[in-house]
Amino acid sequence: MTLTTVFRASMRLPRLRSIPERATTVYARSFSSEAELKKTPLYEFHKEHGGKMVDFAGWSMPVQYKDGISASHLHTRANASIFDVSHMVQSRIHGRDGVKFIESLTVGDVAGLQENQGTLTLFTNDRGGIMDDLIVSKTSEGFLYVVTNAGCAEKDIAHMQSQCKEFQAQGHDAAVEVIQDQFGLLALQGPSAAAALQAGVEADLSRITFMCSAVLTVFGVPGCRVTRCGYTGEDGFEVSIPAAQVAQVADSLLGVQAADVKLAGLGPRDSLRLEAGLCLYGNDIDEDTTPVEATLLWTVAKRRRAESNFPGAGIILQQIKDKPSRKRVGITSKGPPARAGTTILSEDGTSIGVVTSGCPSPSLKKNVAMGYVQTVFAKAGTPLKLEVRGKQVPAQVSKMPFVPANYYYGK
């Protein structure tokens, strides 16, 4: 994921310039020196393979490789690409009351998961706003495996730890273990991802379906958690690997004969997720946006709605009943592309919303975007205008995903 697993530079970092090819999100260089930035286990690997490194949420991360963003994007749609997502926060929730604890913070039905099955869920606040999106997996080892966004790392860890202390004080058994320093995380994405990974594991990957996981030996490295998920709309896996062996696994994947695997950076990851209609935390969802407004109501499980016992439940359930005043929609247009912050207009020129993400779609050869509009304008096919560079560009509301998803649900 991560679904899951969300991407955005820290709000504290100044946005100084956009990446080449004008991908959706601006990845800023801060005033931090390279030495001050955190580095994933693949830092040297990226540099050796020509990765263009940028400051992303306080991490030195590759935004692209020599092929460029569009070529890398299209390669992922046709073949398979490796994305380093080791900057995301990996945690474990231990204790007999671990499920009850994580459900006290989120909207998901974690209790209803099968062993080694996961779900995308949301941390919400008392106002019904989204604090972050995350993936929670119920493992056969007896703990919950949690992946949260890098841009929210400090906030999320502090939130989980402080809430866990209160939970323990009430006599419950739960503990939060952050394992980010112990494990790296690779996302292998694309229609050839299964063939590439299958070359390095003995287990039959066809038995692992979307949002399910297993602990496997991967290219000779034991103790890797393999989850079938991703952030591109394609079939793929996120592989949690002991930090010292991440480069070994990445190098082995690049060398497989069963698939054409290449490295990819944050730039194509962003355009891929936008084509897939997936939200970027901090751009498309934030603490002032509810799951109802964000059209993420499917994450609010039926049992949780009935129990009404998650943060912000009163506000969210009332919005379900009354309908929100604004909704997140997909938008397509031609001409100059809309970027985050672009004003959305009705046909008569009235301001009705704002774009939160946008880019030229390498797959569709037209501009795609998402944003929030007044609910009366949210129906697919509704004509709009976008105020781009002082001009009004014709557009229309479009269904998402823009590119059909190819998640694997079994043979």
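Just so you know, glycine gets a Cβ as well, placed from its N, Cα and C.
Automatic prediction, not curation, is the source of TrEMBL annotations.
Taken from TrEMBL, the feature substrate binding site applies to E238.
According to TrEMBL, the domain 'GCVT N-terminal' annotation covers 42-302. Mean per-residue pLDDT, taken over the domain 'GCVT N-terminal' (42-302), amounts to 98.
Among the features that TrEMBL reports, domain 'Aminomethyltransferase C-terminal' is placed at 326-403.
Here the domain 'Aminomethyltransferase C-terminal' (326-403) has, by DSSP, the following mix of helix, strand and coil residues: 3 helix, 45 strand, 30 coil. Around the Cβ of E238 (substrate binding site), 29 further Cβ atoms fall within 10 Å across all displayed protein chains.
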